[in-house]
């Protein structure tokens, strides 16, 4: 039976002439038809030939290949995004594996560092502390009324690069690009926001080109009052928004999430998204080895909000697999710069306190050190899994990895710190130090490793496997909150799509070319769980799937019809 493709309805717009060509969400460039050129006063403003979007994308791809550095490629792609968003997303989807590291990690890190230098055109909303009493007016200036997803940062902890001030805006822009490219959320529904509360980066304060508020960061009550004013303004403007907190400093990330997750539909991708993709990866890796995650001993290097968030989700998963909470917590060991977190360690943050090991249980350990180092922990715990979220390069030393491999034939090693310059160890070294026996997953993209004439593909434990599907699921289901169970359902769905589990070979995570399929599946699982949890209206499975399909935007041009303002 012949399949009939339903043509998208015409779009009625009031803009014409040069104004239309300057509107990135509506501009088609050389793809405006002859009729549209007449109707919208575009005759003579474009070359004669009417092109298809694929012809435009092919030209853009050829131009892209002419740039030699990743930052120049990033600037070029951002220019297309600010000129013709539909073409931008068609190009990115056509070359996702090539371009994802350019529009997001690791290249976005350099773009944030050089934000004021490479700035060309405004995108998103910049809310500075001196303008804190004008937030309602600022948000009213946003031309898109139907915003459904906001990614917001204050620029204080950008990847592993620290305080980038207003340059942190590169992260929400890049993140929302992936919401669209991977999760099918229309760019018309997205809004990047930076809260400009100053910067403590002296290099930026001394930079004559720096475009942010030249002031040390506000803190404490002033800071939290400012963020609260922003949250209330967002709720007033877009009551049903999905708000993602991104790259806030450790001291603020967890308090903000705790404070607002039950007030507005929100989540923190650094804490919850990273945890969800990591747990999904570990579930898949454990199943591929014929075991369960609850049978593994896990050591973390890095006990910040991200590391502790991952640990808590691992504990929740192993409880689902049958462990008691106490037994689940005894399997997880957190190491930070002061050593293993124990019940005798002072000045722990509240989210760290639940993840300590009891010193009474460590009496038999083979060590004479008062401060238990990562090597001490690996030697005594004999872990199956080693996870790095320290933001410091080179801390997974050869001695540590070889010690781990001595007791674990197939170690799982996950140096997750971003960007690549901050990774705890390179996949090449880990593969060599374990004689080719380690399963490696990284936070940033790495090329396959060749060791002793064998090719080892390296899985990227990328949050983009998770957050676009969560966003799509929330929008499609109308969920009012994001619960822990919704995040767990995303992890489980990701694990079910593992080629290593399903085929007995290949990567532990799906290929990036399949990420839209994965995002759709996660959206359904998240939406279904939202209904079960009572944070979304219950519908049939068919209705939920239809809502996902209806909300899945594709980078295709629609016919335009003229209307009055």
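Backbone N, Cα and C define each Cβ position, glycine as well.
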Using only what Swiss-Prot says about divalent metal cation binding by 246, 247, identify which of 228, 240, 262, 270 is listed for that site too. 270
For the NAD(+) site that Swiss-Prot assigns to 270, 418, which of 132, 157, 558 is also named? 157
Out of the recorded positions listed (104, 175, 270, 418), which are within 10 Å of residue 246 (divalent metal cation binding site), Cα to Cα? 175, 270
Same-chain neighbours of the NAD(+) site, Cβ within 8 Å of the mean position of the Cβ atoms of 157, 270, 418 and not counting those residues, run in sequence order as 158, 159, 160, 247, 306, 391
Inter-residue C-alpha distance, residue 418 (NAD(+) binding site) and residue 104 (active site, proton donor) (nearest angstrom): 11
Quick note, residue 157 (NAD(+) binding site) and residue 247 (divalent metal cation binding site): C-alpha atoms separated, nearest Å, by 5
How many neighbouring Cβ atoms, not counting its own, are there within 10 Å of the Cβ of residue 247 (divalent metal cation binding site)? 24
To the nearest Å, how far is the Cα of residue 270 (NAD(+) binding site) from the Cα of residue 104 (active site, proton donor)? 14
Other CB atoms, at most 10 A from the CB of residue 246 (divalent metal cation binding site): 28
